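Student: Sequence annotations record features per position, and here Swiss-Prot assigns disulfide bond to CYS42-CYS110 based on sequence analysis. Annotation comment: Swiss-Prot describes 21-113 as domain 'Ig-like', evidence class sequence analysis. Summarising the annotation, Swiss-Prot assigns N-linked glycosylation site to ASN43, ASN87. Sequence annotations record features per position, and here Swiss-Prot assigns signal peptide to 1-20.
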Amino acid sequence: MLLLLVPAFQVIFTLGGTRAQSVTQLDSQVPVFEEAPVELRCNYSSSVSVYLFWYVQYPNQGLQLLLKYLSGSTLVESINGFEAEFNKSQTSFHLRKPSVHISDTAEYFCAVS
């Protein structure tokens, strides 16, 4: 069984000191069997247009950009099989992978800008 860690914290960004945006990751740890699907949930709040990001930090490595939503298609895919879908009405940007592998063991961070 794999253990994908999703730090349970809230990231808050302030734009020009007048507008606040926040991200909430609801799952702190997500145990998954190898080759099983996984979904890491990310909800945000914002009163303005958003850019959304997923970062990954593998053991003993620095933070790396996994994927980002800037505009256009609501489905964003990464080169390693992960995807995230921007859902404006549900204010979510959940990260998914249909089949995880031991190499996916890491901490995953959602961010908004």
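Glycine is no exception: its Cβ is also placed from the backbone N, Cα and C atoms.
Not measured: the values here are computed from a predicted model.
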Student: Let me know the most crowded of the glycosylation sites, choosing from ASN43, ASN87 and counting other Cβ atoms within 10 Å.
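Tutor: The most densely surrounded of these glycosylation sites is ASN43.
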Student: Could you state the CA-to-CA distance between CYS42 (disulfide bond) and ASN87 (N-linked glycosylation site) to the nearest Å?
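Tutor: CYS42 (disulfide bond) and ASN87 (N-linked glycosylation site) have their Cα atoms 11 Å apart.
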Student: Can you tell me how far the Cα of ASN43 (N-linked glycosylation site) sits from the Cα of ASN87 (N-linked glycosylation site), in Å?
Tutor: 9
Student: Among all protein chains shown, how many Cβ atoms are found within 10 Å of the Cβ of CYS42 (disulfide bond), not counting that one?
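Tutor: Its Cβ has 26 other Cβ atoms within 10 Å.
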